[in-house]
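Read through the structure below, which is laid out as structure tokens, and then see the notes.
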Amino acid sequence: MASNIRIIFYGTGGSWPTPLRAMPGVGVKIDDVLNLFDCGEGTQKQIMKSSTSFMDIDNIFITHFHGDHFLGLLGLVQSMSFNNRTKQLNIFGPHGAIKILSNALNVGYYTLHFPLKIYELEPDRTYDLGKFLIRTMLNDHPVPALSYSIEERDLVRIDPEKAREKNIPSRIIEKIRENGSYVYKGNEYRIDDIAGGVRKGRRIVYTGDTRPMDRMIEFARNADVLIHDTTTDSSFEPMVNEFGHSSSRQAARIARQARVGRLYLYHYSPRITDTSVLLEDARKEFQETYESKDLMEYEVKVRRDVD
């Protein structure tokens, strides 16, 4: 059975909060597993306004340690503790995560009532998180920063005719799918016995802050969704590139070359009030470009292509 995958844009601004936008924070919910990518100031309040609960967060992935991407963590963790959370929270980040986050989370007087684990991730690695994989890449930014690719496992499509020929009931088919094989009435059935092709898993790429990079084209290749740093429109490219960011036009070029399904503009400069200029710039390069907005949600549809 294919997973339900939903993206929730909690906050879409950058640098500092404005009346229009909250700080960076993106939820990716895969069935009942809620992942948070970046946690800027005020993220917990944005989550309260959304269809999700901050108590349900399983994993937090920080792209880098500029304040607008992680200063919301302390309040979020304390609120979880005040609300009697018991399940483990995993926080992932680039080099320096353990020292920086341990210091930040030890500020003030409060008691942590649940297990919290901090992990430092290496670039150019793939990590198995059970229902999905996380792939990392080093960004072009003034401090250590990672892009994340959230990858659903490939799904074997069951050929109902093959299953019918072998008299395998549907409840046993699911056990075969889950385990790769299953013994039923004394016979072992393998997934290959009833397979009708493989449906490629869906992929979401979240860049965090970065200058435009050729490596991003390959990293995001054929992703269903690319959420890319688009701090300004093309008229400010030299300035934003100098500070380690991208324009909407540059992000759209990457999206087009990577052949992604859709691009979401993200991490708008607080000086920008009208993002339609960024969208117009981007769509000259890549038509399937969309503005992200605070509290907007998008369901990532199951791929129809089967190998």
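Cβ coordinates come from backbone N, Cα and C, glycine included.
Look at Swiss-Prot and you will find D68 tagged as active site, proton acceptor. In the three-state DSSP scheme, D68 (active site, proton acceptor) falls into the helix class. For D68 (active site, proton acceptor), the same-chain residues that are 6 or more apart in sequence and have a Cβ closer than 8 Å to its Cβ are G14, S15, W16, M23, P24, G40, E41.
Around the Cβ of D209 (Zn(2+) 1 binding site), 26 further Cβ atoms fall within 10 Å across all displayed protein chains. If you look up Swiss-Prot, you'll see H64, H66, H141, D209 marked as Zn(2+) 1 binding site.
The Zn(2+) 2 binding site annotation in Swiss-Prot covers D68, H69, D209, H267.
Residue environment of H66 (Zn(2+) 1 binding site) contains 21 other Cβ atoms, counted within 10 Å of its Cβ in all protein chains.
Scoring each of the binding-site residues (H64, H69, H141, H267) by how many neighbouring Cβ atoms lie within 10 Å, the top position goes to H267. Here the C-alpha separation of H69 (Zn(2+) 2 binding site) and D209 (Zn(2+) 1 binding site) works out to 9 Å.
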